[in-house]
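Below: one structure, written as structure tokens.
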Ligand code: NAI
């Protein structure tokens, strides 16, 4: 959004944001958008990321407290929720923007997965959503009507060869969002996933072939790939009171990629690229 004034959509709301690593991180952009819209929040990331990252800069800019937490560790999550309780009392929104696959990082093909690494992929990228919701609920820090969001990718539904076991991780993440959403709905609490298009971040760029995936999505999506800032604007609406009956959904934020088949430019480019083969045929 070009207007830095915002709409005051989150005035008076408090939140907890996981996953801001550096200024390219989608969570970083979401934190800035939440601040613009009037929210107060705490930031959390893994201790190792806090050592190497630049989170203090964001904390200073937004007046947020930073709490370290490795989301695979239940004790750390429990402690985090107590810290958040002391800081804010109750919260109105929570963002899970966490993903990591050792298999993808180390370029292991899907047929040669290292299963220990796969367990880590699922623990960090998916089961952690269950854990943070559970411990937030048990610490009783979620306000009625709160909104919980996790970031997903279309690899949950379609096969993207270079995305490896993250395809499976995102499918599980979306399932956990649906299942928890059904169990918190009696308090008006919403749980959704936003399926974002390829975005140039630290996690994104760690995927072999990312540039190809990015360009393909950008060319196919009628509106083109959305930026991290545009994703942030969408997430703000989902944290706001304007979307109180939206829950248990996987919501595509991809410029129309999910429903696009092919377009004229791509047909022409492909025809040119494979002209020789057609001639031979
Ligand atoms: P990023 O690298 O900035 O964020 C990933 C975050 O996960 C980092 O802050 C990292 O420190 C954190 N993390 C990893 N292990 C952790 C642990 N054990 N405990 C706590 N935090 C841990 O990259 P990005 O792209 O902003 O990723 C955010 C989310 O968006 C991820 O879920 C990712 O899968 C998702 N997403 C990214 C897309 C992209 O193309 N960049 C597209 C669609 C979804």
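Every residue gets a Cβ built from N, Cα and C, even glycine.
Caution: TrEMBL annotation is automatic and unverified by curators.
Under the heading active site, proton acceptor, TrEMBL lists 153 (among others). Secondary structure at residue 153 (active site, proton acceptor), taken from DSSP and collapsed to helix, strand or coil, is coil.
Positions annotated as active site, proton acceptor by TrEMBL: 163 (among others). In sequence order, 104, 153, 155, 207, 213 are the residues near residue 163 (active site, proton acceptor), counting only same-chain partners six or more apart with C-beta under 8 A.
Listed in sequence order, 18, 19, 71, 124, 125, 128 are the same-chain residues at least 6 apart in sequence whose CB falls under 8 Å from the CB of residue 98 (NAD(+) binding site). What TrEMBL records for 19, 25, 26, 70, 71, 98, 170 is NAD(+) binding site.
Other Cβ atoms within 10 Å of the Cβ of residue 70 (NAD(+) binding site), summed over all protein chains shown, number 17. Site extent for NAD(+): the farthest pair of Cα atoms among 19, 25, 26, 70, 71, 98, 170 sits 19 Å apart. With a 10 A radius on its CB, residue 25 (NAD(+) binding site) counts 26 other CB atoms from all the protein chains. Ligand 1 lies under 6 Å from the Cβ of the following recorded positions, listed in sequence order from 153, 163, 170: 153.
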